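J.: The following block contains the structure, expressed as structure tokens.
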Amino acid sequence: MSVAGWLTEPLAYPFMQRACAATLAVGVAAPVAGVWATTRRLVYLTDAMSHAILAGVAAAALLGASLLVGGLVAAMAMALLVAVLVIHVRLSEDSAIGVAGQGLFALGIIGVSQSADPRALTHVLFGNPLTVTTADVIAELVVAGLVVLAVATSLPLLVATTFDPAHARTLGVRTGLVDTAVIVALGLVVVISLTTVGVLMALTLCIAPAAAARLLSLRIRRVLFLAAGLGVAAGLAGLMASYHLGLPAGPTVGVLAATEVALAALIRSAGTRFRHTGRVSPGERAAGPIHRSAGQR
């Protein structure tokens, strides 16, 4: 089979068209939000949130409600619980995140275990983009579009509060409100990642393309574009590989996203060595004519 056929054959099926649309939405939005998780050191919170939403998803499934809404409610509940544990109980932030995230994750596993479908837990944990409905795709496209639009319109504010929050506060910027908005955005992309990569791989799709992009560039706009491109590449390539090779989609996407980080590290290392090799030290420049003169004699 040709490369073109390998890519286009699956698109003849409606379920693959929906899966590609959902993967495209998540592949763009998750790394764009993930850039801010890495720069603001919110990776641990994002990881805990990706586990905590299982409780909301399980409750929504048992009640016949929207999984997207259930996951979002659980993410916000976790953020509130962390705030209570830190402010009122005086736990450290890391401890509060661990307690809230893992507690809700355990509660979610209990809830999913009550499902009549024994495959439900596997689908939630590892994702199954081949089962997404048209309503799921529309919801994910809307949420992804809102997240990307919010980042694009508030980019100067995000940069200021991320890299120099003290100065931003002196200018009257409500940094706490911006922090809350970033956490909400991370919660949204984690929730819409459920159908594509599942609870366990959601963090990978958020963080790995963002980390790879940061290895390749220091300019934030370029990092955002690179992260989105790498996220889409990992998502669609993983989806096609899972179709042709019979592999689980979520873990395949996760492996490819992690591989992008390794490749980015190699590219950066090679570029650094090339720049160092191409440089000539002042001592070498001074010695050059002497060596040439000696050779001529």
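The backbone N, Cα and C atoms fix where each Cβ goes, and this holds for glycine too.
Just so you know, TrEMBL annotations never went through curation; they're auto-generated.
Residues annotated as region 'Disordered' in TrEMBL: 278-297. Annotated transmembrane segment per TrEMBL: 15-35, 42-63, 69-89, 96-117, 137-159, 171-192, 198-216, 223-243, 249-267, in sequence order.
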J.: State the residues, same chain only, that lie 6 or more residues beyond the ends of the transmembrane segment (223-243) and have a CB under 8 A from a CB inside it; answer 'none' if no residue qualifies.
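T.: Hits for the transmembrane segment (223-243): 6-7, 10, 16, 19-20, 23-24, 26-28, 30-32, 34-35, 129, 148, 151, 196, 205, 208-210, 212-214, 216-217, 249, 252-257, 260.
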J.: Quick check for me: are there 3+ Cβ pairs below 8 Å between the transmembrane segment (171-192) and the transmembrane segment (15-35), leaving out pairs under 6 residues apart?
T.: yes
J.: Which sequence-distant residues neighbour the transmembrane segment (15-35)? Criterion: at least 6 residues beyond either end, Cβ under 8 Å.
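T.: For the transmembrane segment (15-35), the sequence-distant neighbours (Cβ-Cβ under 8 Å, at least 6 residues beyond its ends) are 46, 129-134, 136-137, 140-141, 143-145, 147-148, 151, 182, 185-186, 188-190, 192-193, 195-197, 202, 205-210, 213-214, 220, 223-224, 227-228, 230-236, 238-239, 243, 249, 253.
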J.: Which residues of the chain, 6 or more past the ends of the transmembrane segment (69-89), have a CB below 8 A from one of its CBs?
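T.: That would be 45, 48-49, 52-61, 63, 95-97, 99-101, 104, 108, 183-184, 187-188, 190-191, 194.
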J.: Using a Cβ cut-off under 8 Å, which residues of the same chain at least 6 positions beyond either end of the transmembrane segment (96-117) come close to it?
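T.: Sequence-distant neighbours of the transmembrane segment (96-117): 44-45, 47-49, 51-59, 61-62, 74, 77-78, 81-82, 85-86, 89, 124, 199.
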